[in-house]
Amino acid sequence: MPPTELATTLVVLDLVGIFVFAVTGALVAVRKNLDLFAALVLGGVTGLGGGFVRDVLIGATPPAALADWRYLMVPVAAGLLTFAFHPVIGRLERVVTLFDAFGLALFCVTGALKAVDYGLGPLPAALLGMVTGIGGGILRDVLAGRVPVIFEGALYATPALTGALVAVLLDRADLPLGVVAAAGFSTCLGFRLLALVRGWRAPLPKGPANV
Amino acid sequence: MPPTELATTLVVLDLVGIFVFAVTGALVAVRKNLDLFAALVLGGVTGLGGGFVRDVLIGATPPAALADWRYLMVPVAAGLLTFAFHPVIGRLERVVTLFDAFGLALFCVTGALKAVDYGLGPLPAALLGMVTGIGGGILRDVLAGRVPVIFEGALYATPALTGALVAVLLDRADLPLGVVAAAGFSTCLGFRLLALVRGWRAPLPKGPANV
Amino acid sequence: MPPTELATTLVVLDLVGIFVFAVTGALVAVRKNLDLFAALVLGGVTGLGGGFVRDVLIGATPPAALADWRYLMVPVAAGLLTFAFHPVIGRLERVVTLFDAFGLALFCVTGALKAVDYGLGPLPAALLGMVTGIGGGILRDVLAGRVPVIFEGALYATPALTGALVAVLLDRADLPLGVVAAAGFSTCLGFRLLALVRGWRAPLPKGPANV
């Protein structure tokens, strides 16, 4: 692809990821019987929050999404649609989960590579890639007054960290950006989908917790 | 007014807004039976948190309030007074709500104009104005372990966004700062007070949420 | 001590403080029956979160801990150990509390002095020292879905603020760094341990809260 097409593809993929994340945020608001504004805020926070946390931590402020109205409009559209059609979207839970895995795979790679661009080492960059992927969902759950779902056994952050690490290490090996991104993306997506299909869970603590 | 008087007026207004917001934060602490320190922290977070989030996002760090001891002392005073006299202040709920609307109207305008000063476009600047107005209250509720009250139907963020938008658009039209600020402020305040008087609520989701 | 040894000592102390804080974070995760990943995240957030909040507020991004793999590995080790041996560590609660007081005393001083280095005045610098000491624990509790324990009467933040203030004021008096740090550290540690031994509590609100 010529460079312009590649850039366009990346923006479109990014917007799709933000859209799906925002749908999960707005669904949480609806299921807690919160109002339309909460659906928009939780949608926006879920879609953009991970990137905002990354940008604030690496000093890339103001975050790019604040300079591009498309990035602000996409979660608004997702929030409005989810608020209006939540009974339908709620029944499509499996489709939402699938697309959510896609967004996770995308954000962990783009987040990690942006951190590398800002001069961070491989390990912190991979961590920030993971934060980009999972941060929005954590903020969503905290704002909705529940313990983040990814703390209760779902295998979600580990695929993100693995995909980010693959991308960062291949990037260090000076492979072309397309290869780097595709490898990190596929690793995270494949790992996440396998975990969903096989029912893999993160380990829970054993023994008495003697609170 | 000569410029010095205007600047003094602005600082005084700002401090009044922070004071009232801090009172609402300390009241939440008292009502949750939290300790004096919690009253001070929730007061400080409610009064200054929205501006801190805005400043971190636009890269205006350290936030101005950290460089001016008056901005730090006002929430302390509000927290101490509320902690000591909460039975009286709690009975003045309507007065607190009125002043809170005043603080909201002030912060959404000053927040939006500061974001414009830092080079943000009209839509992101208006969003950050809204964040300046509502962010402190959201942080207060999250720290106090409750779902943000503005997610449950209160018409609070919409007036802030509207007032911020009015200010940003008039500022683009190169009107004098006094006019810009007065118009944004009155829009937000009028909208918020109307919502309170008429009992307007943000829409809640319809239909089964099929959790 | 020659300068190199002093620097090494400081890093070792810092890592010990982060380790203990991370243990308290992972213990909260285990006691809430959250998964291994939650133990690592809550450990990391508790150990590093206070410093991250300080660095973001003073504009020292990316935070130093992100540039040094040792700072990232220590909470991981603490989280893994706590997850595996929580019944033993849980029984050592008093030891953990003791080391936690040590971490608090260390972080309030290093945090305050870093804020001074970034040009903040005495009062904001002392506040940021307190934030460095208590911020990680507050984030831990919010992420774990509970009201921050330090809001419910524990005398924890006041020693941190006092120690930070002592360090900042002595630093202003141009005393040698070793004296400044030792005085601030001892003030906070002594105050905190006295509060623990004597059962001192922060005041709770009096009278009806008329919710």
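Cβ coordinates are placed from backbone N, Cα and C, and glycine is handled just like the others.
Annotation comment: TrEMBL describes B:6-29 (among others) as transmembrane segment. With a cut-off of 8 Å between Cβ atoms, the residues of this chain six or more beyond the transmembrane segment (B:6-29) that come close are 35, 38-48, 70-71, 74-75, 77-79, 81-83, 86, 89-90, 96, 99-100, 102-103, 106-107, 110, 136-137, 140-141, 144, 146, 178.
Taken from TrEMBL, the feature domain 'Glycine transporter' covers B:12-86 (among others).
Under the heading transmembrane segment, TrEMBL lists B:36-57 (among others). Long-range contacts of the transmembrane segment (B:36-57) within the same chain, counting only residues at least 6 positions beyond its ends with a Cβ under 8 Å from a Cβ of the stretch, are 17-19, 21-26, 28-30, 63-65, 71-72, 74-76, 78-80, 82-83, 107, 111, 114-115, 128, 131-140, 143-144.
Same-chain residues lying 6+ beyond the ends of the transmembrane segment (B:69-88) with a Cβ under 8 Å from its Cβ atoms: 11, 14-15, 18-20, 22-23, 25-27, 29-30, 36, 39-40, 42-44, 46-48. The transmembrane segment feature in TrEMBL is assigned to B:69-88 (among others).
Among residues of the same chain six or more beyond the transmembrane segment (B:95-113), those with a C-beta under 8 A of the stretch's C-beta atoms are 10, 13-14, 16-18, 20-21, 23-24, 27, 50-51, 54, 89, 125-126, 128-134, 156, 159-161, 163-165, 167-168, 171, 177, 180-181, 184-189, 192-193, 196. The transmembrane segment feature in TrEMBL is assigned to B:95-113 (among others).
For the domain 'Glycine transporter' (B:98-171), the model's pLDDT averages out at 95. Positions annotated as domain 'Glycine transporter' by TrEMBL: B:98-171 (among others).
As annotated by TrEMBL, transmembrane segment applies to B:125-143 (among others). Tertiary proximity for the transmembrane segment (B:125-143) is limited to same-chain residues at least six positions away from its ends with a CB under 8 Å from its CB atoms, namely 21, 24-25, 28, 41-42, 45-54, 57-58, 103-105, 107-116, 149-150, 156-157, 160-161, 163-165, 167-168, 184, 188.
Beyond the transmembrane segment (B:150-170), the same-chain residues lying 6 or more positions past its ends with a Cβ under 8 Å from any Cβ of the stretch are 104-105, 107-109, 111-113, 116, 122, 125-130, 133-134, 137-138, 179-181, 183-185, 187-189, 191-192, 195, 200-202, 204. The transmembrane segment annotation in TrEMBL covers B:150-170 (among others).
As annotated by TrEMBL, transmembrane segment applies to B:176-197 (among others). Same-chain neighbours of the transmembrane segment (B:176-197): 6, 97-98, 101-102, 104-106, 108-110, 112-113, 129, 133, 155-156, 158-160, 162-164, 166-168, 170, counting only residues six or more beyond its ends whose CB sits under 8 Å from a CB of the stretch.
Counted with DSSP, the domain 'Glycine transporter' (B:12-86) comes out as 65 helix, 0 strand, 10 coil.
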